[in-house]
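Trainee: Can you read through this structure? Questions will come right after.
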Amino acid sequence: MPSPRRNADGRPLAASASSTSSPGSPAHGGGGGGGGSGRFEFQSLLGSRGPGADPTCARLRASESPVHRRGSFPLAGAGPSQAAPAPLPEEDRMDLNPSFLGIALRSLLAIDLWLSKKLGVCAGESSSWGSMRPLMKLLEISGHGIPWLLGTLYCLSRSDSWAGREVLMNLVFALLLDLLLVALIKGLVRRRRPAHNQMDMFVTLSVDKYSFPSGHATRAALVSRFILNHLVLAIPLRVLVVLWAFIVGFSRVMLGRHNVTDVAFGFFLGYTQYSIVDYCWLSPHNAPVLFVLWNQQ
């Protein structure tokens, strides 16, 4: 009987084939040997990600993902401690962008103070135009409220015509309204007079220590408009009345009594006051009591 063929290590070929063709070998699709153990481990990994997987491990894997580390998607189970921080209160924030209106007002105030100091050439005897200071003080008296009020009352007492009394009585009403409004605004605003001003003004009251608005400017604008509308004057005299009003206002800045904006607002206020007086014009028809009492005196 012929002997079976042997392989290189002396084992029979049949035994070798049977051992290599065992049911667990890859040739037969079995699960034995190294291939079977590798397939089992792969299936166990798939099973660990199924419905029965550990939720703790799932959360750890989600937290380790690069997308979550960048903070693009917050965790679904994040608690209140991980919420976004509350914004700071409004008072704790620094205002780095001031409003345009605030910047404009501060710039206007700086220009006003600088220009008023430059134009205050008669603020003192040692100023550049100090020799003209007496003339400026005469203009100050010409625009003061007390001389105008006393002079109007005197003319009203000497008047013997109804038309003249009506005009002069309304001028008294305009002067009283001017004194009241100027004192009220000065008491509310309380703007100090320029630092280079000398407190040697003619007949000052308690509110005269304040600067805004200029009472001389309001009175000059009011009286000049009143005269131009109720007195028949030649053109040269009308020009002199307007020129007097502007010189009185400008002299307030030259003397250092007021800033430029005080005088500018004073002109506007005086011009507006005449419109109020004209609207509330006193006459024997709408205020007969005043005229009857004055005639009895």
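Counting begins at 1 with the first residue displayed.
From the backbone N, Cα and C atoms, a Cβ is placed for every residue, glycine too.
The annotation region 'Disordered' is assigned in TrEMBL to 1-91. If you look up TrEMBL, you'll see 14-26, 74-85 marked as compositional bias 'Low complexity'. The compositional bias 'Gly residues' annotation in TrEMBL covers 27-38. What TrEMBL lists as domain 'Phosphatidic acid phosphatase type 2/haloperoxidase' is 166-278. The annotation transmembrane segment is assigned in TrEMBL to 168-189, 226-247.
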Trainee: Which residues of the chain, 6 or more past the ends of the transmembrane segment (226-247), have a CB below 8 A from one of its CBs?
Mentor: 139, 142, 167, 171, 174, 220, 267, 274, 277-278
Trainee: Residue counts in helix (H, G, I), strand (E, B) and coil for the domain 'Phosphatidic acid phosphatase type 2/haloperoxidase' (166-278), per DSSP?
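Mentor: Final tally across the stretch: 83 helix, 2 strand, 28 coil.
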Trainee: Within the domain 'Phosphatidic acid phosphatase type 2/haloperoxidase' (166-278), what mean pLDDT does the predicted structure show?
Mentor: 92
